[in-house]
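Heads up, the thing below is written out as structure tokens.
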Amino acid sequence: MAPSRAAAGAVLPVVVALLLGVVAAAAATGGARKMASHGEGANLKASPGAPAAGGSADQFRGKARLPSFAAPRRYELFLRPDLVACTFSGSVAISVAVSAPTRFLVLNALDLSVNRASIRFQALEPTEVVFFKDDGLLVLGFAKQLPLGEGLLKMDFNGTLNDQMRGFYRSKYQYKGKERNMAVTQFESVDARRCFPCWDEPAFKAKFKLTLEVPSELVALSNMPVANATFAGPIKTVRYQESPPMSTYLVAIVVGLFEYVEGMTTKGTRVRVYTQIGKSNQGKFALDVGVKSLNLYKDYFDTPYPLPKLDMIAIPDFAAGAMENYGLVTYREVALLFDDKSSSASSKQSVAITVAHELAHQWFGNLVTMEWWTHLWLNEGFATWMSHLAVDSFFPQWNIWTQFLDSTTTALRLDSLEASHPIEVEIHHASEVDQIFDAISYDKGASVIRMLQSYLGAERFQKAMASYMKKYAYSNAKTEDLWAVLEKETGEPVKDLMTTWTKQKGYPVINAKIKGNDIEIEQAQFLLDGSSGSGMWIVPITSGCGAYDTQKKFLLKLKRDKLVTGSQCGDRKKGGNFWTKLNINGTGFYRVKYDDELAAALQNALETKKLSLMDKIGIVDDLYALSIARQQTFASLLRLLYGYRGEADYSVLSHINTVTASIAKVSADAIPALAGDIKQLLIKILLSPEEKLGWDPKKGESHLDVMLRPLLLTALVQLGHGKTINEGVRRFNIFTRDRSTSLLPPDTRKAAYLSVMQNVSSSNRSGYDALRKIYKESAEGEERLQVLGILSSCRDKSIVLESLNLIFTNEVRNQDASMLLRGIQPEAREISWNWLKENWERISRTFSGSLEASFVKNIVPLVHLITVLLPYFRDHIPQFCRYYFHKAIANVDFLVSCQFTSNEKAAEISKFFATRTKPGFERTLKQSLESVRISARWAEGIRSEPGLAQTVRELLAKP
């Protein structure tokens, strides 16, 4: 699954805030043979104490994994969805290899009615049929031991096309003015069992032969191409080619009315993008990226894409951003569709990254699959990293590797919490999987891969990855398997190095002090609460001094070491060109704290434009984190920020905007008497680049400038800059009269909408009503989401409550409801918190069973609202969408302007949820509350900091 940049970080385009996905496989009979032997148990762990022959069905309850004495080889699956009644019926015939004496078959099934009379294994009828709902298990007991070798397990079943956006579900769409249903699957991570009985774990790969019976006029898609179809009046039976071995979570089915655009790879693989009728032109950009991605990955991994086709399809109701089903990748509409006239530049970038991420999974995830969810990061970390590699190749002008630092800083924030977790987490039950679909698996995973590639070198790394793909094609792998291949191919101590990054949580801060001609460095675990940890890492240190052509690299294996600088770093006298930067271009997953002399030299290098874009981002993000941890002063952070006042790069200013938003918020809470002056200082930093860009797009301007314009305008509106707000209102009023006006193109509408909401109240609601009208009339998903995200951006209590209550109406799709909470202002925190408590039961009723990954992500700006969904989140939301949830914790807790900053509020939140959380979410709740307490501690430090007012006045007085 691919987190798009928007979804991925705190603040990228709304669109990307809803993305992910991919597909995969690669040929060779050798690979198939590997799978066969693997399926017999070579790589499968038996449940602890799993019996070979006797005992009762109850012995399988609560186990970490399915027993390995029986494994599937091949599924013949028949499904008949009824799109009017919203039900389905089916049958499955599974070739099962029994490898040890047993009288049981243990597989997964949930929310299905299985016809007991239909169950047969060979000619044997079970004497026991036991469901363990909490474990999603179906245990079949037979009167005698089963014969060893392969046998056929058959059964019939039926179920409901649910509205929960998981398993086999229904999505609604309009066709010729009438509402219709389509049938869609979403199985990751453990929801294939909601569609058909199966061995629903990644290691149980098998071949699939699917047959669907559907209305004749509908398009029916699955992982493989259609082998043949027969028609009987209004019904057709569609049979698909047999798939290569794959895990159950990658099986996919979509049935509905669609049209498509088509392309072809250099090797002749057919690629299509399916959309609702009338929208196929909006699939052309994704198609282009998809074709290029398959070509690039084929070469990078030196392994062909093995399926005959790749389909990508836009689904109106979809849990997250996208899902990498083998050969049939499903997307939320805003994650796949792009229109030159009505979509923003950020949307275009989000679509590109999401498509590239999903298609990277065709190799990393589908062809070579994690052996168990503990190794999820192999899927998600690599797909995240590969998507940037691909998009950088297609669109070098986007500077995507600089933007990748969004992912790194996101992970650094989450991983600096005491309640973080290692990249590799032992999963003891399927219900625990949700906890690791977060910024650690995705973004820390991708960041340590970037660090490793930088250390090994791009060419050696690529060669090793190609060897890894060939060795484990059609099979499963663990983290240790990857390290072994990399070590063999490069001769480097990869396992020892990387184990320190994947087996323990956290990361180090490198303390750098100058002493004579040396720089003494010392590592210590960095925690945002200011405490000290005991972690130790093998750290790939990179350094540059005086210029980027004097870089050094070495592994810091001890707690302390030193760098010899000599005279090449420049003149240390005042006014000289001396400077030293550690962690060049942010390739390492660590922070750096410089002593006063080194910090002053870096500030001078920043102001004299000696630093790279990535290093500009790195030094401000490090100092920001150190300030939160109270290891550096708030004043030093303001002084450093002021050094960026002439900056014009999108990626750098995106990070600066993130920091300024957080500063404005914490200042209002910590030092309200000085908050107005601090806002003016922040405006002063951002105003210069905004004035150069203005509101109107310029002919020939870069993609990054197009994205920078709305970022700056929105930031200035949020900081209360009157001139920007007035201009936004003026343009909005023209737009309401003429929707085709060039004065408000898609990229700048958010700033104008936000400007209007600054003046909305119960007695002056014309702007609010106009926005509601735009939402109802717009056919563009991006536009509608943008409006939803702004409707609650108001200080008026009744307007905020009116917006929040839209969540319970048919006006807003469940998947989009969270957008209404993303705009809540600091002044409305208590209103929203009280609304939440009062509506708790209604929220649970309304959203129980519906995927609201996005709901969670955008609810998080109020830390307490993160925990809002915890009680039902575990049971009702597809696990991979937890990514957005944890992403939110990692980013928004510190970056968005709505967070509570008092220990009293943390205690209140904790008390409220003390009886409302469920097992499996303790860590998430701890992370939320820890974040509130960290913010409270930061605010206390700012309040007691001497000379802060003087610093602010001095900076305001500067030219």
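Keep in mind that glycine also has a Cβ here, set from the backbone N, Cα and C atoms.
These features come from TrEMBL:
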ACT_SITE  Glu358  active site, proton acceptor
BINDING   His357, His361, Glu380  Zn(2+) binding site
COMPBIAS  46-57  compositional bias 'Low complexity'
DOMAIN    72-250  domain 'Aminopeptidase N-like N-terminal'
DOMAIN    285-501  domain 'Peptidase M1 membrane alanine aminopeptidase'
DOMAIN    579-861  domain 'ERAP1-like C-terminal'
REGION    39-59  region 'Disordered'
SIGNAL    1-27  signal peptide
SITE      Tyr442  site 'Transition state stabilizer'
What count of other C-beta atoms do you get within 10 angstroms of the C-beta of His357 (Zn(2+) binding site), across all chains shown?
35
From the Cα of the residue listed as 'active site, proton acceptor' across to the Cα of Tyr442 (site 'Transition state stabilizer'), what is the distance in angstrom?
13
Within 10 angstroms of the C-beta of His361 (Zn(2+) binding site), what count of other C-beta atoms is obtained when all protein chains are considered?
32
Alpha-carbon distance [Glu380 (Zn(2+) binding site); the residue listed as 'active site, proton acceptor'] in Å:
10
Just how many other Cβ atoms lie inside 10 Å of the Cβ on the residue listed as 'active site, proton acceptor'?
35
